[in-house]
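Peer 1: Dumping the structure here so I can ask a few things about it.
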Amino acid sequence: MRKIIHIDADSFYASVEIRDNPSLRHLPVAVGGSPDKRGVIATCNYNARAFGVRSAMSSAKAVLLCPDLVFVRPRFEVYRSVSKDIHTIFRDYTDLIEPLSLDEAYLDVSECKACKGSATLIAEEIRARVRQDLRLTVSAGVAPNKFLAKIASDWNKPDGIFVIRPQDVKDFIPQLPVRKINGVGKVTAAKMEALGITTCGDLQRLSKDDLERHFGSYGERLYNLSRGVDNRPVQTEWVRKSLSVEHTYDHDLQNLDAILDSCEPLFEELLERFNRISDAYLVSKRFVKVKFADFTQTTLEELLPGYSGQWRSLPDYLRLMSAAWARQKKPVRLLGMGVRLRDPKNNNLGEQLSLF
Ligand code: TTP
Ligand code: MG
(Lines of atoms letter the chains of each structure in order from A and count residues from 1; the text may use other names and numbers.)
(Lines give C-alpha, C1' and ligand atoms only; values in the text may rest on other atoms or scores of the structure.)
(Ligands and ions follow the chains in the order given, each with its own letter.)
Protein backbone atom coordinates (compact mmCIF):
# COMPACT_ATOMS: atom_id res chain seq x y z
CA MET A 1 0.00 0.00 0.00
CA ARG A 2 1.49 3.34 -1.07
CA LYS A 3 1.40 6.68 0.76
CA ILE A 4 0.90 9.58 -1.61
CA ILE A 5 0.69 13.27 -0.74
CA HIS A 6 -0.62 15.88 -3.16
CA ILE A 7 0.38 19.45 -2.33
CA ASP A 8 -1.22 22.49 -3.93
CA ALA A 9 -0.38 26.04 -2.87
CA ASP A 10 -3.35 28.30 -2.10
CA SER A 11 -4.06 31.07 -4.66
CA PHE A 12 -0.38 30.75 -5.46
CA TYR A 13 0.61 33.84 -7.48
CA ALA A 14 -1.76 36.06 -5.47
CA SER A 15 -0.45 34.76 -2.14
CA VAL A 16 3.13 35.51 -3.15
CA GLU A 17 2.16 39.06 -4.16
CA ILE A 18 0.28 39.67 -0.90
CA ARG A 19 3.14 38.24 1.12
CA ASP A 20 5.54 40.68 -0.54
CA ASN A 21 3.13 43.63 -0.23
CA PRO A 22 1.14 43.24 3.01
CA SER A 23 -0.91 46.40 2.32
CA LEU A 24 -2.88 44.16 -0.09
CA ARG A 25 -3.81 41.71 2.67
CA HIS A 26 -7.44 42.68 3.22
CA LEU A 27 -8.24 43.62 -0.38
CA PRO A 28 -9.54 41.55 -3.28
CA VAL A 29 -6.42 40.93 -5.39
CA ALA A 30 -6.00 39.54 -8.89
CA VAL A 31 -2.75 38.70 -10.65
CA GLY A 32 -2.94 39.28 -14.39
CA GLY A 33 -3.38 41.82 -17.15
CA SER A 34 -5.22 45.07 -16.62
CA PRO A 35 -8.87 45.40 -17.70
CA ASP A 36 -8.25 48.25 -20.14
CA LYS A 37 -5.79 46.14 -22.17
CA ARG A 38 -7.94 43.05 -22.72
CA GLY A 39 -6.00 41.26 -19.99
CA VAL A 40 -6.82 37.90 -18.40
CA ILE A 41 -6.72 36.87 -14.75
CA ALA A 42 -4.07 34.25 -13.88
CA THR A 43 -5.40 33.85 -10.36
CA CYS A 44 -6.91 35.83 -7.50
CA ASN A 45 -7.08 35.60 -3.72
CA TYR A 46 -10.06 34.07 -1.90
CA ASN A 47 -11.38 37.51 -1.05
CA ALA A 48 -11.80 38.17 -4.79
CA ARG A 49 -13.23 34.69 -5.36
CA ALA A 50 -16.11 35.60 -3.05
CA PHE A 51 -17.17 38.06 -5.78
CA GLY A 52 -17.06 35.33 -8.43
CA VAL A 53 -13.68 36.28 -9.89
CA ARG A 54 -11.84 33.23 -11.31
CA SER A 55 -8.67 32.15 -13.14
CA ALA A 56 -8.77 32.63 -16.93
CA MET A 57 -11.61 35.18 -16.66
CA SER A 58 -11.16 38.40 -18.64
CA SER A 59 -10.01 41.21 -16.40
CA ALA A 60 -12.80 43.38 -17.81
CA LYS A 61 -15.44 40.93 -16.58
CA ALA A 62 -13.68 40.63 -13.21
CA VAL A 63 -13.93 44.39 -12.53
CA LEU A 64 -17.63 44.24 -13.29
CA LEU A 65 -18.03 41.53 -10.64
CA CYS A 66 -15.68 43.21 -8.18
CA PRO A 67 -15.21 46.95 -8.80
CA ASP A 68 -12.54 47.32 -6.07
CA LEU A 69 -10.39 44.51 -7.43
CA VAL A 70 -6.67 45.35 -7.22
CA PHE A 71 -4.62 44.18 -10.22
CA VAL A 72 -1.02 43.11 -9.84
CA ARG A 73 1.32 42.23 -12.71
CA PRO A 74 2.72 38.69 -12.53
CA ARG A 75 6.38 38.18 -11.56
CA PHE A 76 7.12 34.73 -12.93
CA GLU A 77 10.78 34.62 -11.85
CA VAL A 78 9.64 35.08 -8.25
CA TYR A 79 7.06 32.27 -8.54
CA ARG A 80 9.68 29.96 -10.03
CA SER A 81 12.06 30.70 -7.22
CA VAL A 82 9.39 30.15 -4.52
CA SER A 83 8.48 26.88 -6.23
CA LYS A 84 12.11 25.76 -5.97
CA ASP A 85 12.10 26.60 -2.25
CA ILE A 86 8.95 24.51 -1.73
CA HIS A 87 10.60 21.58 -3.55
CA THR A 88 13.66 21.89 -1.32
CA ILE A 89 11.37 21.22 1.64
CA PHE A 90 9.74 18.25 -0.19
CA ARG A 91 13.16 16.68 -0.75
CA ASP A 92 13.74 16.38 2.96
CA TYR A 93 11.07 13.66 2.87
CA THR A 94 11.40 11.95 -0.50
CA ASP A 95 13.10 12.03 -3.88
CA LEU A 96 9.93 10.69 -5.51
CA ILE A 97 8.38 14.01 -6.50
CA GLU A 98 6.25 14.63 -9.58
CA PRO A 99 5.64 18.32 -10.23
CA LEU A 100 2.40 19.17 -12.07
CA SER A 101 2.95 22.91 -12.15
CA LEU A 102 4.87 25.51 -10.15
CA ASP A 103 2.55 25.14 -7.17
CA GLU A 104 1.45 21.53 -7.35
CA ALA A 105 3.18 18.17 -6.90
CA TYR A 106 2.72 14.55 -5.96
CA LEU A 107 5.04 13.05 -3.35
CA ASP A 108 5.42 9.33 -2.77
CA VAL A 109 6.41 9.06 0.89
CA SER A 110 5.93 5.29 1.22
CA GLU A 111 9.58 4.83 2.17
CA CYS A 112 9.99 7.99 4.24
CA LYS A 113 11.07 7.36 7.83
CA ALA A 114 10.37 10.88 9.12
CA CYS A 115 7.38 11.43 11.47
CA LYS A 116 7.41 7.71 12.29
CA GLY A 117 6.41 7.06 8.70
CA SER A 118 3.03 8.78 9.11
CA ALA A 119 2.11 10.43 5.80
CA THR A 120 -0.40 12.63 7.63
CA LEU A 121 2.25 13.97 10.00
CA ILE A 122 4.68 14.42 7.10
CA ALA A 123 2.06 16.46 5.22
CA GLU A 124 1.38 18.57 8.32
CA GLU A 125 5.10 19.14 8.82
CA ILE A 126 5.53 20.21 5.20
CA ARG A 127 2.62 22.64 5.57
CA ALA A 128 4.09 24.07 8.77
CA ARG A 129 7.53 24.51 7.23
CA VAL A 130 6.19 26.25 4.13
CA ARG A 131 4.23 28.58 6.39
CA GLN A 132 7.20 29.27 8.66
CA ASP A 133 9.97 29.53 6.09
CA LEU A 134 8.13 30.98 3.09
CA ARG A 135 5.10 32.61 4.75
CA LEU A 136 2.69 30.90 2.35
CA THR A 137 -0.04 28.32 2.86
CA VAL A 138 -0.35 25.05 0.94
CA SER A 139 -3.16 22.52 1.11
CA ALA A 140 -2.42 18.81 1.28
CA GLY A 141 -4.20 15.60 0.39
CA VAL A 142 -3.02 12.27 1.79
CA ALA A 143 -4.21 9.02 0.22
CA PRO A 144 -3.10 5.61 -1.09
CA ASN A 145 -2.88 6.89 -4.71
CA LYS A 146 -2.53 9.99 -6.92
CA PHE A 147 -6.20 10.19 -7.93
CA LEU A 148 -7.47 10.30 -4.35
CA ALA A 149 -4.61 12.47 -3.06
CA LYS A 150 -5.44 15.18 -5.60
CA ILE A 151 -9.11 15.13 -4.69
CA ALA A 152 -8.17 15.26 -1.01
CA SER A 153 -5.93 18.35 -1.34
CA ASP A 154 -8.91 20.24 -2.74
CA TRP A 155 -11.31 19.06 -0.01
CA ASN A 156 -10.40 21.51 2.76
CA LYS A 157 -8.75 24.19 0.64
CA PRO A 158 -7.45 26.83 1.43
CA ASP A 159 -4.90 26.07 4.15
CA GLY A 160 -6.37 22.65 4.76
CA ILE A 161 -5.51 18.98 4.87
CA PHE A 162 -7.68 15.96 4.18
CA VAL A 163 -6.71 12.36 4.66
CA ILE A 164 -8.23 9.36 2.93
CA ARG A 165 -6.91 6.24 4.64
CA PRO A 166 -6.98 2.96 2.69
CA GLN A 167 -9.84 1.70 4.86
CA ASP A 168 -11.83 4.93 4.19
CA VAL A 169 -11.84 4.56 0.40
CA LYS A 170 -14.86 2.26 0.27
CA ASP A 171 -17.06 4.75 2.13
CA PHE A 172 -15.61 7.89 0.62
CA ILE A 173 -15.83 7.09 -3.06
CA PRO A 174 -19.56 6.38 -3.74
CA GLN A 175 -20.75 9.91 -2.93
CA LEU A 176 -17.94 11.55 -4.94
CA PRO A 177 -19.38 13.58 -7.87
CA VAL A 178 -18.09 12.39 -11.25
CA ARG A 179 -17.00 15.93 -12.18
CA LYS A 180 -14.28 15.61 -9.51
CA ILE A 181 -12.60 12.95 -11.68
CA ASN A 182 -9.65 14.29 -13.61
CA GLY A 183 -10.60 13.93 -17.29
CA VAL A 184 -14.34 14.26 -16.78
CA GLY A 185 -14.99 17.68 -18.29
CA LYS A 186 -18.27 19.37 -19.15
CA VAL A 187 -18.95 17.15 -22.17
CA THR A 188 -18.38 13.81 -20.42
CA ALA A 189 -20.26 14.98 -17.32
CA ALA A 190 -23.28 15.92 -19.46
CA LYS A 191 -23.16 12.56 -21.21
CA MET A 192 -23.04 10.80 -17.84
CA GLU A 193 -25.90 12.85 -16.51
CA ALA A 194 -28.01 11.81 -19.50
CA LEU A 195 -27.30 8.21 -18.42
CA GLY A 196 -28.37 9.02 -14.85
CA ILE A 197 -24.80 9.05 -13.54
CA THR A 198 -23.72 11.87 -11.22
CA THR A 199 -21.57 10.11 -8.61
CA CYS A 200 -18.85 7.46 -8.55
CA GLY A 201 -21.38 5.20 -6.84
CA ASP A 202 -23.58 5.47 -9.97
CA LEU A 203 -20.55 4.68 -12.14
CA GLN A 204 -19.79 1.56 -10.10
CA ARG A 205 -23.10 0.07 -11.19
CA LEU A 206 -21.93 -0.06 -14.83
CA SER A 207 -19.90 -3.02 -16.06
CA LYS A 208 -16.50 -2.55 -17.68
CA ASP A 209 -18.10 -3.42 -21.04
CA ASP A 210 -20.86 -0.81 -20.59
CA LEU A 211 -18.31 1.82 -19.68
CA GLU A 212 -16.20 0.99 -22.75
CA ARG A 213 -19.24 1.12 -24.95
CA HIS A 214 -20.17 4.60 -23.70
CA PHE A 215 -16.77 6.15 -23.11
CA GLY A 216 -14.37 4.22 -25.36
CA SER A 217 -10.81 3.72 -24.17
CA TYR A 218 -11.50 5.92 -21.12
CA GLY A 219 -14.00 3.31 -19.93
CA GLU A 220 -11.55 1.02 -18.19
CA ARG A 221 -9.95 3.91 -16.38
CA LEU A 222 -13.40 5.08 -15.22
CA TYR A 223 -14.07 1.56 -13.97
CA ASN A 224 -10.97 1.75 -11.77
CA LEU A 225 -11.24 5.38 -10.64
CA SER A 226 -14.87 4.97 -9.62
CA ARG A 227 -13.61 2.30 -7.22
CA GLY A 228 -10.78 4.50 -5.96
CA VAL A 229 -8.17 2.41 -7.78
CA ASP A 230 -5.25 4.19 -9.45
CA ASN A 231 -1.92 2.44 -9.93
CA ARG A 232 -0.08 5.25 -11.74
CA PRO A 233 3.36 5.69 -10.14
CA VAL A 234 4.69 9.05 -9.03
CA GLN A 235 6.96 9.83 -11.94
CA THR A 236 10.16 11.72 -11.49
CA GLU A 237 12.93 12.57 -13.88
CA TRP A 238 14.83 14.12 -11.11
CA VAL A 239 18.40 13.41 -10.00
CA ARG A 240 19.65 14.99 -6.83
CA LYS A 241 21.90 17.93 -7.64
CA SER A 242 22.50 19.05 -4.09
CA LEU A 243 21.93 18.15 -0.49
CA SER A 244 21.49 20.73 2.21
CA VAL A 245 20.17 21.33 5.69
CA GLU A 246 18.90 24.57 7.08
CA HIS A 247 17.43 25.94 10.25
CA THR A 248 15.21 28.92 11.00
CA TYR A 249 16.00 30.25 14.47
CA ASP A 250 13.35 31.25 17.01
CA HIS A 251 15.34 34.39 17.74
CA ASP A 252 17.53 36.11 15.16
CA LEU A 253 21.26 35.44 15.57
CA GLN A 254 22.70 38.85 16.37
CA ASN A 255 26.44 38.49 15.61
CA LEU A 256 29.10 36.34 14.01
CA ASP A 257 29.88 34.44 17.23
CA ALA A 258 26.25 33.35 17.56
CA ILE A 259 26.27 32.30 13.91
CA LEU A 260 29.46 30.26 14.14
CA ASP A 261 28.20 28.60 17.34
CA SER A 262 25.14 27.44 15.42
CA CYS A 263 27.14 25.84 12.61
CA GLU A 264 28.28 22.61 14.25
CA PRO A 265 24.80 21.09 14.72
CA LEU A 266 24.01 21.97 11.09
CA PHE A 267 27.23 20.36 9.94
CA GLU A 268 26.52 17.21 11.95
CA GLU A 269 23.04 17.01 10.43
CA LEU A 270 24.47 17.46 6.93
CA LEU A 271 26.89 14.55 7.49
CA GLU A 272 24.02 12.41 8.71
CA ARG A 273 21.78 13.27 5.78
CA PHE A 274 24.61 12.66 3.32
CA ASN A 275 25.19 9.19 4.73
CA ARG A 276 21.52 8.40 4.15
CA ILE A 277 21.44 9.19 0.42
CA SER A 278 22.86 6.91 -2.22
CA ASP A 279 26.62 6.59 -1.83
CA ALA A 280 27.04 6.81 -5.60
CA TYR A 281 27.02 10.61 -5.41
CA LEU A 282 30.23 12.60 -5.64
CA VAL A 283 30.51 16.06 -4.14
CA SER A 284 31.70 18.87 -6.40
CA LYS A 285 31.11 21.95 -4.21
CA ARG A 286 30.29 23.03 -0.70
CA PHE A 287 27.97 25.94 -0.04
CA VAL A 288 26.32 27.97 2.70
CA LYS A 289 23.16 30.04 2.77
CA VAL A 290 22.37 32.97 5.05
CA LYS A 291 18.91 34.51 5.27
CA PHE A 292 18.92 37.82 7.10
CA ALA A 293 16.14 39.09 9.40
CA ASP A 294 14.79 41.26 6.55
CA PHE A 295 14.37 38.09 4.41
CA THR A 296 17.15 39.00 1.96
CA GLN A 297 19.46 36.07 1.47
CA THR A 298 22.82 35.16 0.10
CA THR A 299 24.56 31.93 -0.80
CA LEU A 300 28.26 31.35 -1.15
CA GLU A 301 29.77 28.25 -2.66
CA GLU A 302 33.22 26.95 -3.41
CA LEU A 303 34.57 24.36 -5.76
CA LEU A 304 36.37 21.38 -4.29
CA PRO A 305 39.46 20.88 -6.39
CA GLY A 306 40.57 17.60 -4.88
CA TYR A 307 38.87 14.33 -4.09
CA SER A 308 35.25 14.59 -3.10
CA GLY A 309 35.52 13.44 0.52
CA GLN A 310 37.26 16.72 1.20
CA TRP A 311 33.95 18.51 1.76
CA ARG A 312 33.64 17.04 5.27
CA SER A 313 35.41 19.88 7.03
CA LEU A 314 33.72 22.05 9.65
CA PRO A 315 36.46 24.74 9.62
CA ASP A 316 35.94 25.24 5.89
CA TYR A 317 32.21 25.70 6.41
CA LEU A 318 32.87 28.20 9.22
CA ARG A 319 35.15 30.18 6.92
CA LEU A 320 32.53 30.18 4.17
CA MET A 321 29.76 31.16 6.61
CA SER A 322 31.81 34.11 7.94
CA ALA A 323 32.37 35.36 4.40
CA ALA A 324 28.68 35.04 3.50
CA TRP A 325 27.59 36.90 6.64
CA ALA A 326 30.16 39.66 6.03
CA ARG A 327 28.29 40.62 2.84
CA GLN A 328 25.56 42.31 4.95
CA LYS A 329 26.54 41.94 8.62
CA LYS A 330 22.92 41.99 9.76
CA PRO A 331 20.98 39.78 12.21
CA VAL A 332 20.27 36.36 10.77
CA ARG A 333 17.04 34.38 10.70
CA LEU A 334 18.16 31.23 8.89
CA LEU A 335 21.40 29.39 8.20
CA GLY A 336 21.90 26.59 5.73
CA MET A 337 24.80 24.47 4.55
CA GLY A 338 25.11 21.90 1.85
CA VAL A 339 26.96 20.23 -0.98
CA ARG A 340 26.47 20.25 -4.76
CA LEU A 341 26.51 16.77 -6.22
CA ARG A 342 27.45 15.14 -9.46
CA ASP A 343 24.93 12.91 -11.15
CA PRO A 344 25.84 9.32 -10.16
CA LYS A 345 24.92 8.13 -13.67
CA ASN A 346 27.46 10.49 -15.21
CA ASN A 347 30.30 9.62 -12.92
CA ASN A 348 33.28 9.30 -15.14
CA LEU A 349 35.70 6.79 -13.72
CA GLY A 350 38.64 8.16 -15.73
CA GLU A 351 38.07 11.63 -14.34
CA GLN A 352 37.83 10.24 -10.81
CA LEU A 353 41.04 8.29 -11.13
CA SER A 354 42.93 11.26 -12.53
CA LEU A 355 42.25 13.09 -9.27
CA PHE A 356 44.59 10.79 -7.42
P1 TTP B 1 -3.98 26.68 -9.27
O2 TTP B 1 -3.34 25.82 -8.22
O3 TTP B 1 -4.98 26.08 -10.19
O4 TTP B 1 -4.69 27.93 -8.57
P5 TTP B 1 -4.25 28.78 -7.33
O6 TTP B 1 -3.02 28.22 -6.68
O7 TTP B 1 -4.12 30.20 -7.76
O8 TTP B 1 -5.49 28.67 -6.36
P9 TTP B 1 -5.96 27.40 -5.48
O10 TTP B 1 -4.96 26.31 -5.69
O11 TTP B 1 -5.98 27.94 -4.07
O12 TTP B 1 -7.31 27.07 -5.99
O13 TTP B 1 -2.86 27.33 -10.19
C14 TTP B 1 -1.59 27.71 -9.70
C15 TTP B 1 -1.11 28.98 -10.37
O16 TTP B 1 -1.10 28.82 -11.78
C17 TTP B 1 -2.00 30.17 -10.10
O18 TTP B 1 -1.65 30.85 -8.90
C19 TTP B 1 -1.80 31.01 -11.33
C20 TTP B 1 -1.49 30.03 -12.43
N21 TTP B 1 -2.69 29.85 -13.28
C22 TTP B 1 -2.82 30.61 -14.44
O23 TTP B 1 -1.93 31.39 -14.77
N24 TTP B 1 -3.94 30.45 -15.22
C25 TTP B 1 -4.94 29.58 -14.88
O26 TTP B 1 -5.95 29.49 -15.62
C27 TTP B 1 -4.80 28.80 -13.69
C28 TTP B 1 -5.89 27.83 -13.28
C29 TTP B 1 -3.66 28.96 -12.92
MG1 MG C 1 -2.86 26.19 -6.19
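Glycine is no exception: its Cβ is also placed from the backbone N, Cα and C atoms.
Quantities reported herein were computed from a predicted structural model and do not represent experimental measurements.
Checked TrEMBL, it gives:
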{"type": "DOMAIN", "residues": "4-185", "note": "domain 'UmuC'"}
{"type": "BINDING", "residues": "Asp8, Asp103", "note": "Mg(2+) binding site"}
{"type": "SITE", "residues": "Tyr13", "note": "site 'Substrate discrimination'"}
{"type": "ACT_SITE", "residues": "Glu104", "note": "active site"}
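Help me see these features in their spatial surroundings.
Peer 2: Confidence over the domain 'UmuC' (4-185), given as mean pLDDT on the 0 to 100 scale, stands at 96.
Around the Cβ of Asp8 (Mg(2+) binding site), a 10 Å sphere holds 19 further Cβ atoms from the protein chains shown.
Around Tyr13 (site 'Substrate discrimination'), a 10 Å sphere centred on its CB holds 27 further CB atoms from the protein chains shown.
The Cβ neighbour count for Glu104 (active site), using a 10 Å radius and every protein chain shown, is 18.
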Peer 1: I'd like to verify something. Among the recorded positions Asp8, Tyr13, Asp103, which ones have a C-beta closer than 6 angstroms to some atom of ligand 2?
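Peer 2: The recorded positions passing the 6 Å Cβ test are Asp8, Asp103.
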Peer 1: To see if you understand the setup: which same-chain residues, six or more apart in sequence, place their Cβ under 8 Å from that of Asp103 (Mg(2+) binding site)?
Peer 2: Asp8, Ala9, Phe12, Tyr79, Ser83, Ile86, Val138
Peer 1: How far is it from Tyr13 (site 'Substrate discrimination') to Glu104 (active site), counting Cα to Cα, in Å?
Peer 2: 12
